[in-house]
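J.: Would you mind keeping the following structure in view while I ask a few things?
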Amino acid sequence: MKKKLLVPLILFLSITIAFLVQLKRNAQGEDIKALESALVGKPVPAKNLTELFENKTYTNELFQQGEPVLLNVWATWCPTCYAEHQYLNKLAKEGVRIIGLDYKDESPKAMKWLKDLGNPYQVVLKDEKGSFGLDLGVYGAPETFIVDGKGVIHYRYAGDVNEKVWTQTLKPIYDKLSEQQ
């Protein structure tokens with residue numbers, strides 16, 4: 001009888017402790033959309049990726065061009081991606097380098113989406129099966145990574161990139177990396 005109660009009690013206490021730790025982090029002003037990532041401080045995973053329109057193959061050297069870049073994970077099935085798309089177009093017009101990762105999507109739908117809504121990406125990579133997303137630790141779309149000019153990931157953000165997120169969170173990191181290059 002005591003053993004039957006011990007497992008649920010331990011599980012309950014573990015969940016309660018995790019909840020309290022997260023509440024404390026939020027109260028201290030930590031950004032709940034900033035996901036911890038084992039890849040922060042490490043290079044973009046090495047993988048051969050195909051470009052959406054030209055079927056050209058890229059390696060992680062794409063992220064080693066000497067300038068920082070946003071790696072934006074998106075999909076046509078993602079309503080939040082639709083919401084952020086107009087703002088990404090604005091950033092691209094301002095000169096922000098953005099590489100798109102079309103995540104678990106159908107290529108014809110993605111090409112039509114970009115034709116109809118505009119293409120903010122310098123390069124659009126296909127990840128139809130989600131294997132590169134898995135390597136990045138992506139669990140949904142949209143997610144955005146800030147990568148420096150040497151291909152090292154500096155930040156990971158889950159959610160839509162909008163004016164507030166850009167100016168308060170992402171832009172300071174992007175600008176700092178731009179100055180260092």
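In case you wondered, yes, glycine gets a Cβ from its N, Cα and C as well.
According to Swiss-Prot:
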DISULFID  C78-C81  disulfide bond
DOMAIN    38-175  domain 'Thioredoxin'
TOPO_DOM  1-4  topological domain 'Cytoplasmic'
TOPO_DOM  24-181  topological domain 'Periplasmic'
TRANSMEM  5-23  transmembrane segment
J.: Summarise the model confidence on the topological domain 'Periplasmic' (24-181) as a single mean pLDDT, whole number.
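T.: The answer is 92, the mean pLDDT of the model over that range.
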J.: Which is it, of C78, C81: the one of these disulfide-bonded residues whose Cβ has the most other Cβ atoms within 10 Å?
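T.: The residue with the densest Cβ neighbourhood is C81.
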J.: For the domain 'Thioredoxin' (38-175), give the DSSP counts of helix residues, strand residues and coil residues.
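T.: With helix first, then strand, then coil, the domain 'Thioredoxin' (38-175) has 49 helix, 35 strand, 54 coil.
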